[in-house]
Amino acid sequence: MAKLQGTRLGAFRAYFFGFFICTAGFLFGYDTGIVGGVLTMTSYKRDFGYSDNTTVSAVMVSLQNVGAFLAACAIFPVSERYGRKKTVQVACTVFITGVILQVIPSHSLVCFYIGRFVSGLGLGSATAVVPSYNAEQAPKEIRGKLGSGMQLLFASGVLISYWVDYATVHDMPVSSAQWQIPVGLQMVPAAVLGIGLFWQKESIRWLAKKGRNDEAWEALTWMRADSGPEVKAEFDEIKAGIAAELLATEGFRKKELLEPANRYRLALAFGVFLGQQCTGMTALAYFGPQFFKLLVGAGDKNLLITGLFGAEKFVTVATYIFLFSERWGRKPTLWISALIMSGLFVIVAIVNNTTPAPVNNQTTGAGIATVALIFLTNSVYQFSWGPVPWPYTAEIFPSRIREIGTSTGVATQWLFNFLFSLVTPYMIAAWGSYTFFFYACLDIVMAIGVFLFFKETKGRTLEEMEQIFHSRAAFDNEAVRRKALEHLGDSGSEDRVYGTIVDGHKDTRV
């Protein structure tokens, strides 16, 4: 495992910021997990007066995903102009507005749906920007670990939401507050994230790209809690990489995205988040009670099993992030895990379709076995497709197009999240446990795609990705370095090339 260089305070700040900014993942997870339980509550059905559970389930989830998809597609120019920090703060405000629309006692599904859409706009914006923001602040030695924090906080949100649902169903009388409390609690972490960012630094690489080198240097030295030679070298590398990207194609144009290296990157960002949704595990997170009803029958034990499912999700992803994220390569982790999940889903489908269904809500041995297999599949997912796509997407793009690249990846995640959340309730109703065969086939396709087309990125700096993808900026980057050597020979100081950093005084040249 790579050892993190620098001071203890710098390490603390890196970890703190990395996991704090991933509170956006917590919002995503909590919202994902709360839906299934709320839909089963008698109080919610009574207040909104509907009978078609399948349609309401599909629309409630899919509308938010539509909002998130649109926001993820459109947020790039906002983040690029105003910065990562302000964009995330505005996203939190929009999210809170949407939650307020959901919890007001309107007794109108239309109002609730509008609230879901608005909160989706905020959620999509935040999840599109956070991976870039996190990657641009993190030391390369722990970038994958911190990037995977999105999945850890996602799992935390799912875990807490499941148990909040369980507690309100069992310990509260049937009333509007029974469903309003679980839904309304989402405002707390959103407010913490939005307000807390006032005390955090803007993206180092974004500041440098805007020519605000004084602020970038201040942000870097604060984040690393050091201003020594290693930090200075990191700052030089950041500026050299940005200079190379700017030299490659001055003046961003849409056709730049169609250059072979960038087209390849966009395809990978699209593919890795498509694959994440094709695992079926996000659908399980949304509709856990409905899935477990297929396996163990109806009753309150569905919510209990769903709560345990959330706890297992959190423990396994935390184990991966803190023990294995910087040991295992991204590529083998993805394709091997896809094969394992496919096999486990096939076994679940076979067992469930060759044994009698639960009678009178009595749990059977086959039901227990299939639940155990689902838990095992979830563990494999949390060691792979759950956490890996977040840092992988942020790693593969150069600063010049990182925001639009990560936005593309996250938009893909929301698009297929929308599609799968829309059709999954109908699949469960029509296919039953044969739904697992469907996801098993998708897992096989994912494994083949990763094995054939994905690049390994573990342990590389963001600037080294140019060589990995053989982009034009890579060659310009080498030219910049050669020019630096020439200037060093002329002046004996690299300050003329990368900007002056002497005794704390810097100019803004790059």
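Cβ atoms are placed via backbone N, Cα and C, with glycine included.
Per TrEMBL, the features are:
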- 17-458: domain 'Major facilitator superfamily (MFS) profile' (DOMAIN)
- 12-35: transmembrane segment (TRANSMEM)
- 55-76: transmembrane segment (TRANSMEM)
- 88-107: transmembrane segment (TRANSMEM)
- 113-134: transmembrane segment (TRANSMEM)
- 146-164: transmembrane segment (TRANSMEM)
- 179-199: transmembrane segment (TRANSMEM)
- 264-288: transmembrane segment (TRANSMEM)
- 303-322: transmembrane segment (TRANSMEM)
- 334-352: transmembrane segment (TRANSMEM)
- 364-383: transmembrane segment (TRANSMEM)
- 404-428: transmembrane segment (TRANSMEM)
- 434-454: transmembrane segment (TRANSMEM)
Worksheet item: At an 8 Å Cβ cut-off, counting only pairs 6 or more apart in sequence, do the transmembrane segment (434-454) and the transmembrane segment (364-383) clear the bar of 3 or more pairs?
Response: no
Worksheet item: Which sequence positions outside the transmembrane segment (113-134), separated from its termini by at least 6 residues, show Cβ-Cβ distances below 8 Å to it?
Response: 17-18, 21-22, 24-25, 27-28, 31, 59-60, 63-72, 75-76, 78-79, 84-85, 87-88, 90-103, 146-147, 149-150, 186, 190, 193, 203, 390-391, 393-394, 402-403, 406-407, 409-411, 413-414
Discussion item. Please identify the stretch among 88-107, 146-164, 303-322 with the greatest number of Cβ pairs below 8 Å relative to the transmembrane segment (55-76).
Written reply: 88-107
Worksheet entry | Top partner of the transmembrane segment (404-428) among 88-107, 146-164, 264-288, 303-322, 364-383 - counted as Cβ pairs under 8 Å | 264-288
Fill in: Chain residues outside the transmembrane segment (264-288) and at least six past its termini with a C-beta under 8 angstroms from it
29, 32-33, 35-36, 57, 61, 158, 162, 257, 302, 305-306, 309-310, 313, 334, 338, 341, 345, 374, 377-378, 381, 385-386, 388-389, 392-393, 396-397, 401, 405-406, 408-410, 412-413, 416-417, 419-421, 424-425, 428, 435-436, 438-439, 442-443, 445-446, 449-450, 453-455, 469
Fill in: Candidates 12-35, 88-107, 334-352; stretch with most C-beta pairs under 8 Å toward the transmembrane segment (364-383)
334-352
Response to the item:
Sequence-distant contacts of the transmembrane segment (12-35), meaning Cβ under 8 Å and at least 6 residues beyond its ends, amount to 4, 57, 60-61, 64, 88, 91, 95, 119, 123, 126-127, 130, 133-134, 137-139, 142, 145-147, 149-162, 164-165, 182-183, 185-186, 189-190, 192-193, 196-197, 200-201, 222-225, 282, 285-286, 288, 310, 390
Discussion item. Need a quick answer: max count of Cβ pairs under 8 Å to the transmembrane segment (303-322), which of 88-107, 146-164, 334-352 is it?
Written reply: 146-164
Worksheet item: Under an 8 Å Cβ to Cβ limit, what residues of the same chain, 6 or more beyond the ends of the transmembrane segment (146-164), are close to it?
Response: 14-15, 18-19, 22-34, 37, 127, 130-131, 134-135, 138, 181-182, 185, 189, 285, 288, 303, 306-307, 309-311, 313-314, 316-318, 320-321, 325, 382, 386-388, 390-392, 394-395
